[in-house]
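Now, the feature entries from TrEMBL:
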- GLY109, VAL110, THR111, GLY112, THR113, GLY114, LYS115, THR116: ATP binding site (BINDING)
- 490-517: coiled coil (COILED)
- 400-410: compositional bias 'Basic and acidic residues' (COMPBIAS)
- 570-580: compositional bias 'Polar residues' (COMPBIAS)
- 644-653: compositional bias 'Acidic residues' (COMPBIAS)
- 2-352: domain 'Kinesin motor' (DOMAIN)
- 362-460: region 'Disordered' (REGION)
- 567-603: region 'Disordered' (REGION)
- 616-653: region 'Disordered' (REGION)
Amino acid sequence: MSVRVVARVRPLLKSERELDVIVRTGVSAITAEAKLRETENGDRKLAALRDRDNIVRIPNPKNEGEEYTFQFNAVYDSDVAQQELFDAEVAPTIKHLFNGFDVTLFAYGVTGTGKTHTMRGGKSLADRGVIPRLLSGIYRRSRKIEKDTEGETQVKVSLSYYEIYNDKVYDLFEPPEKRTLAGLPLRDNGGKTVVCGLTEKPCTSLKEFEGLYDQANNNRSTSATKLNAHSSRSHAILGVKITMISSDKTRVSTASAIDLAGSEDNRRTENDKERMVESASINKSLFVLAQCVEAITKKQHRIPYRESKMTRILSLGQNNGLTVMILNLAPVRSYHLDTISSLSVANRTRKIEVREIENDPIFKGPARPSVRPSLASSRQPLRPLNASVNVNLPAPGAKDPAKKEDEKPPKAFSVLNCQGDPLSRDPSLSADGPAMRSLKQSRPTLAPIPSEPEPQPSHADISAARIEEMVEKKVEEILAVRAVSEQTRQNQVQELNDQLQRRLAQLEQRIEGTEDARAEGLSYLLMGKQHQARGENSSALKMYQLALPHFPNNEKLASKIATLKERMQGKTQQRSSITPASPPKGRFGSMLSLKKEPTLTLGKRQAEDVDADYMGQAGDAFSNDDGPPNSKKRNTQSLRESDPELDALDDFDPTVSPRTLHLLSIVNSRDVSQIKLLKGVGMKKAEAIVDCLCEMDQSSSSSGDIEMISDQPQFQLSSLAELSTLKGVGVRTVENMRSGVLV
Ligand SMILES: Nc1ncnc2c1ncn2[C@@H]1O[C@H](COP(=O)(O)OP(=O)(O)OP(=O)(O)O)[C@@H](O)[C@H]1O
């Protein structure tokens, strides 16, 4: 049976005009024809039934001349009273309820179209909605049953009432202050979605119901919106559980009456932030409902029930019993697009099949086999247990003498008692249906059953205490094995950890040792280089020799040492054969000799080329003119890469840029006021530089190989390398000075 969908058009509100009415109701041509026929045949009863409208007409919003027509099971125009709607749509479901079927009634529609009015209604008798009338009908029928059975059957009614607000479930029988942020959880129970922790209130009379219902409705989330002064901000679900207890059985069925929140077009609502959040949640759940409806009607594999709590609870198409959807419509143009959208969803919902299965009665005393044919036919096909053979079955032809003729053989199949399987309702799958017949034909025959089943050990003589003792023993054994293996595992882990720690320490030592040795070697190299730059060849040689053990296979270092040795030997020979020994040079004498001996520059350049090959290793050391050689704070490697001109610091490249020339001219001016303005140079450093230069002037005045400026002998720095060797000046300082020079 498909979902019954009826439409109800609400009357115009005070603020609405007759002029704007666009929704019309009517009777379809086929129905009108049938009515005519029945009237002619004198079948008045049937003809009266045809009186009811069943179509809704609405103009195409893009072309007013065109009309859309939607047909439903019934359509109720604005003049239809609450009583009439109830009598026609809800009252007939009550008897099904008492026959064990679940009933779901839900009102669907845009905000302000009359859902709450239809479900709950007003206070006056005439205005009472579907829900109080349903309860009234239930109590009336309960009393009738109790009276007819002379008290043998008792009917108990209990209520649950909850709302889904912002996709969270709240018990409406609980005051709002008792709510938790997360709301109540949902659980799947035998194919039905149930709300955990929900209050179930026994309710014995209509009066009691009214008290409970009114009180609970005060807890419901409602607010005034632009489209409805009392807009429901939640979906409200009232569950009416009916338990019929007779001498031999108990039957439970539930009527669910759902007042859905209405979809909202927020361009029209002008909702504030809080209302918008609610609205988004309402619209989302209704959108999911529309998606579910579409997926079901298109027979899609996946129905997105679980994407919203409302759809999960409503379980449209999955719930058994009877389902009635009341589509509420506003008649006016301002709802035009929303109305068409609602009509489309409702139209699709009509096509949803609902299984009309009553709930299983609970029998008192020993369990009885199911006798209802409807249930038997709703079972899923049997599935073999692990594709194995039924060892309990006798071999074909062989009869167990101990068993009676009519006794059913025990099942060796797992039976999925899933009433939700649509296949099971397919008549073609009935025992003698065509599908079953073909299945029987195509099904592979079961493997032959052993005629003599393996003898099973008899346990009849084992006492409960003995079994307990055996179980305890077994558990202890297992635990002991586990404890031992756990201990072994822990030992292994510990051993592994120790090994790893040892290995790590060794590695660290090795790395540290290598680093230290490398740093030491590099510092010797650096010192050698500095000595060489100052012309202190013997010191430079000594340093290079000290560096050699740290770079034992470096040919360039070896050749550098050899070159220096040669040079020194040559000098000694020169000194001893040509010139008398000159007085030892001051600290900066070497600088002058650099300028004086172009041949040496070549030799030096060769030596510096050797250094260039260390750069990969010694980059750090060479960068640390102002700090400890192995300090890793600085990285002149990058400086060198970023500024090739600074390479001249090492290479003593005579080619200098205008910037360098300018810098050198400032320093060579010995003007403290100018030098202190250089970047990274303060007053103290400027004075130190000038002092150093003056010292050099004095110590080298005797050599006669210095420029005469203003009749004063002055040593002139000609490269950044020379500048970097001055006391208190390093590569970094030079680079700083140079970067601040604007040319
Ligand atoms: N059949 C009807 N007869 C008289 N008045 C009606 C009818 N249907 C709706 N109304 C009135 O229309 C207004 C909106 O109805 P109602 O609050 O029931 O809408 P709703 O669809 O529940 O809205 P929401 O989704 O915002 O809660 C109310 O003032 C209600 O009294």
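Glycine is treated like the rest: Cβ placed from N, Cα and C.
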(message) I'd like the number of other C-beta atoms within 10 A of the C-beta of THR113 (ATP binding site), please.
(response) 27
(message) Just to be sure I understand the packing, how many Cβ atoms besides its own are within 10 Å of the Cβ of THR116 (ATP binding site)?
(response) 25
(request) Among the binding-site residues VAL110, GLY112, GLY114, name every one whose Cβ is found under 6 angstroms from ligand 1, counting any of its atoms. (result) GLY112, GLY114
(message) Among all protein chains shown, how many Cβ atoms are found within 10 Å of the Cβ of THR111 (ATP binding site), not counting that one?
(response) 25
(request) Would you count the other CB atoms within 10 A of the CB of GLY114 (ATP binding site), including those on all shown protein chains? (result) 24
(request) For GLY109 (ATP binding site), write down the residues of its own chain that are at least 6 apart in sequence and whose Cβ falls under 8 Å from its Cβ; none is a fine answer. (result) LYS115, LEU260, GLY262, SER263, LEU327, ASN328, LEU329, ALA330, SER342
(message) Among all protein chains shown, how many Cβ atoms are found within 10 Å of the Cβ of VAL110 (ATP binding site), not counting that one?
(response) 23
(request) Quick one: give me the count of other CB atoms within 10 A of the CB of LYS115 (ATP binding site). (result) 29
